[in-house]
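Sequence annotations record features per position, and here TrEMBL assigns active site, nucleophile to Thr198. Sequence annotations record features per position, and here TrEMBL assigns substrate binding site to Arg226, Val227, Gly228, Asp229, Thr249, Gly250, Asp251, Gly252. Here TrEMBL flags 1-16 as signal peptide.
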Amino acid sequence: APLLLVVFQLVGAASAAALPVVINTWAFRKAAETAWRVLQLGGSELDAVERGCGQCEIDQCDGSVGYGGSPDESGETTLDAMIMDGNTMEVGAVADLRHVKNAIGVARKVIEYTKHTLLVGDSASLFAVRMGFPYEDLTTQKSLSVYSKWLNQSCQPNYWKNVVPDSSKSCGPYKRPEKVTCKEEQTISQRSVHNHDTIGMVVIGGSGTVASGTSTNGAVHKIPGRVGDSPIAGAGSYADSTAGGAAATGDGDIMMRFLPSYQAVEYMRMGTDPTVACQKVISRIQKYVPKFFGAVICANTTGSYGAACNKIPGFTQFRFMVSSPLLSQPTEQVVDCI
């Protein structure tokens, strides 16, 4: 395919765009390199997303993707993933997937072999085994030690509120009190902003075809059964070959309420620059939850891209990877949070 090069003028700055482009959350270099290599070898955009995110599952990127990380309240690691085809608008997703390491691979099989969009829990694992994925233990020495350390510090932090016993001081089992007294708790201080929690990736091919995907092991110490934004279309990621693609990372429980990836793609459809589209999405969430932890990446069908993040203590910049014909190799980029 001929190199499509589009140069357009921004207010006071020129931005060059070229296709194909691969963009992914965080400085997950090997994931970016893997996805780019798949494209160079003639693979499809979906192949690139699946293999790129799958690389993070193998590498256990930041301990927040793949097996052996983010144990839930019972000490088990469970996985969420999705993949989306921007040509057909098909989505395959799995949530609360147990005992199977290649979550995004299973998500792809949901598109290929079922008429469904999202499979969850033990039934998703059963489907995965039918599709030929090995049934394995996702627990490691590292995840066990994270879990036991958490138990030893009275199960702090956790995701309960308004329960007895007091969840800010002791372990459960919790139940609701006889008389409810609601108090809104800020949990941000307890959460490490290095709990990167997701790889999100957008791939736009030489002809402008878009695919996107995510993979994560979710929030550390989550309540079993919790599903975050990652496997939800329009929240974790969104792809539309008539407009572009986006992916989100951060506090999924908050971000998924706003469908930020869908919203960003709609802004780009209206002609909004990808960076501005990302910023507008972050600003919408800020109005309701000023101190949320999160970031969004965006790319349009010309290959122009951008990112934005919410500024909180300890998280003032967001790093992401970009691969494009204008760069000699997959390159880490940094954006200041707003």
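Yeah, the Cβs are placed from backbone N, Cα and C, and that goes for glycine too.
Keep in mind that TrEMBL annotations are predicted by a computer and have not been checked by a curator.
Cα of Gly252 (substrate binding site) to Cα of Thr198 (active site, nucleophile): a distance of 9 Å. When the neighbouring Cβ atoms lying within 10 Å are counted for each of the recorded positions (Thr198, Thr249), the highest count belongs to Thr198. Of the binding-site residues Asp229, Asp251, Asp229 has the largest number of other Cβ atoms within 10 Å of its own Cβ. Cβ neighbour count for Gly228 (substrate binding site) (all protein chains, 10 Å cutoff from its Cβ): 25. Counting in whole angstrom, Thr249 (substrate binding site) lies 6 from Thr198 (active site, nucleophile) by their C-alpha atoms. For the pair formed by Asp229 (substrate binding site) and Thr198 (active site, nucleophile), distance between Cα atoms is given as 10 Å, rounded to the nearest Å. A separation of roughly 10 Å, to the nearest angstrom, links the Cα atoms of Asp251 (substrate binding site) and the residue listed as 'active site, nucleophile'. The full span of the recorded substrate binding residues, Arg226, Val227, Gly228, Asp229, Thr249, Gly250, Asp251, Gly252, taken as their largest Cα to Cα distance, is 16 Å.
Rounded to a whole value, the Cα-Cα separation of Arg226 (substrate binding site) and Thr198 (active site, nucleophile) is 15 Å.
Other C-beta atoms found within 10 angstroms of the C-beta of Gly250 (substrate binding site) number 29, with every protein chain shown included.
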